[in-house]
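Here is what TrEMBL records for this protein:
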| type | residues | note |
| --- | --- | --- |
| DNA_BIND | 57-126 | DNA-binding region |
| COMPBIAS | 11-22 | compositional bias 'Basic and acidic residues' |
| COMPBIAS | 34-43 | compositional bias 'Basic and acidic residues' |
| COMPBIAS | 92-106 | compositional bias 'Basic and acidic residues' |
| COMPBIAS | 150-167 | compositional bias 'Acidic residues' |
| DOMAIN | 57-126 | domain 'HMG box' |
| REGION | 1-60 | region 'Disordered' |
| REGION | 89-111 | region 'Disordered' |
| REGION | 124-167 | region 'Disordered' |
Amino acid sequence: MKAARSRAAATRKDSKEAKQPAENKIVGKRKVASRADKIDQKRSKNVTSAKKDPNKPKRPATAFFVFLEEFRTIYKQEHPKVKAVSAVGKAGGEKWKSMSNEEKAPYKAKAAKRKLEYEKLMADYNKKQETTDDEEEADSESSKSQANDKDDEESEKDEEDEDEDDD
């Protein structure tokens, strides 16, 4: 008798879950979780992000990536048959972790130098952006005033024509 009750309770529970939206269902079920993830991915693809400016300077590499640039060439010379990027990354990460702070110092110095250059470039870029924004605002204001001047001239001509017609 108890077994029958538990089966009935289980089927009621399943039917309740079936009626719920995918986001609210129990995550333990793989199909439901994967469907919800796919829906979320589709939604995120449809949302358009702000367009990136191609003239904006790229962020500088960190000390690890400066090290990895040099490590890649060495690793490829020592292991010419290994083509996987992941293998190079893993080996580089292990090497970086095993290095002391003294060994990392030149890479940190190079990264700091690149960061200073980046900050200078960004300051110049931001100044250019401010000036172009100011010019665009001035252009839009001048074009509005020019359009208003033309409208005023046309309305004056219309008024003069009406005055001549009345005489």
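Any Cβ shown, glycine's included, is placed from N, Cα and C.
Heads up, TrEMBL stuff is auto-annotated, nobody curated it.
Source: prediction; values computed, not measured.
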Averaged pLDDT, computed only over the residues in the domain 'HMG box' (57-126): 95
Residue distribution over DSSP helix, strand and coil in the domain 'HMG box' (57-126): 56 helix, 0 strand, 14 coil
